[in-house]
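Copied over from TrEMBL, here are the features:
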{"type": "TRANSMEM", "residues": "12-30", "note": "transmembrane segment"}
{"type": "TRANSMEM", "residues": "88-107", "note": "transmembrane segment"}
{"type": "TRANSMEM", "residues": "132-150", "note": "transmembrane segment"}
{"type": "TRANSMEM", "residues": "162-181", "note": "transmembrane segment"}
{"type": "TRANSMEM", "residues": "187-207", "note": "transmembrane segment"}
{"type": "TRANSMEM", "residues": "219-239", "note": "transmembrane segment"}
{"type": "TRANSMEM", "residues": "245-267", "note": "transmembrane segment"}
{"type": "REGION", "residues": "275-314", "note": "region 'Disordered'"}
{"type": "COMPBIAS", "residues": "303-314", "note": "compositional bias 'Basic and acidic residues'"}
Amino acid sequence: MEILETAFMQRALLAALLVGVTAPAIGIYLVQRRQALMGDGIGHVAMTGVGLGFLLSTNPIWTAALVSVAGAVIMELIRIYGRTRGDIALSMLFYGGMAGGVLLVNVSDTGSTGDLGSFLFGSLSTVSDADLLAITLLAFFVLLVCVGLRKQLFAVSQDEEFARVTGLPVRALNLLIAVTAAVTISVAMRVVGLLLVSALMVVPVAAAQQISRSFRATFALAVGIGVAVTLAGTTTSYYQDVPPGATIVLLAIGIFVVLAALAGPLARYRARRAEPPGAGGARAGARACTAADSATVPPARAPRRETEADDVRI
């Protein structure tokens, strides 16, 4: 295939594969915790890490990972200990991260706003061997956490009080989820972009939830959708010369719409299959009897309502 003959597309496809696996893997816990927009906030903070990488003339993926982890920990601590309005503190953190990234890129000697754009929206041609190595190592960490601790993370995401009663270190696990989400942002920013990576963490999970009935099935289907849309979006971007991040996200949203439309018919089909033999005939007979009774039995006469005159007693 032509797409596999170029070295930069080989790197891009491998990076897309890793992103397609890791983003939904951590996203399922964020969705369970009702923190679907957490990835968007961390993406803003990661911009400062990208700018710091340009300023220090080092790989921006590593500096973005460090700054994102620090920002995620601060966000989680604000959620736990914050005495002021959490939304105000988080807003200042988000906007400060974006402003810091733009400023650091402009004062550096090796970066420009154009270079920052490749991290904001994703760029296939900029994935280097060093980037691929960093993405692979960080993706391995994400999968190790999401799969190796899936029972503990699910318990914390589903019910913190229950997890605390069972003896789980709830606070440490919450911080671990935040840190893993931050690392995932750094993994995905080269392919999807910082501004759209949150969608890849949430939309495949939301799509899988439309037709799956268990955590394990949702996890597997979400990862499958993530891999499918990242590879398809990357391939489409190569042949049609369109932005990879936007293409990937739109494909994921399209799958969500299709599965949401199929959810109702699939639920009815499952309900019919779950019925014991003969239940359908019994239900039809009950409906027929009800219809016959209503046709033969005259409606009960409503009791005479007292008039206003009856209420008046002299």
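Each residue, glycine too, has its Cβ placed from N, Cα and C.
Whatever TrEMBL says is automated annotation, not expert-curated.
Count of Cβ pairs under 8 Å against the transmembrane segment (162-181): among 12-30, 88-107, 187-207, the largest is for 12-30. In this chain, the transmembrane segment (132-150) lies apart from the transmembrane segment (245-267): fewer than three C-beta pairs between them fall below 8 angstroms, excluding pairs fewer than 6 positions apart.
Highest Cβ contact count with the transmembrane segment (245-267) among the listed stretches 12-30, 88-107, 187-207 falls to 187-207 (criterion: pairs under 8 Å).
If you look at the transmembrane segment (88-107), the same-chain residues 6 or more away from its ends with a CB under 8 A from one of its CBs are 41, 44-52, 54-55, 67, 71, 74-75, 78, 82, 113, 115-116.
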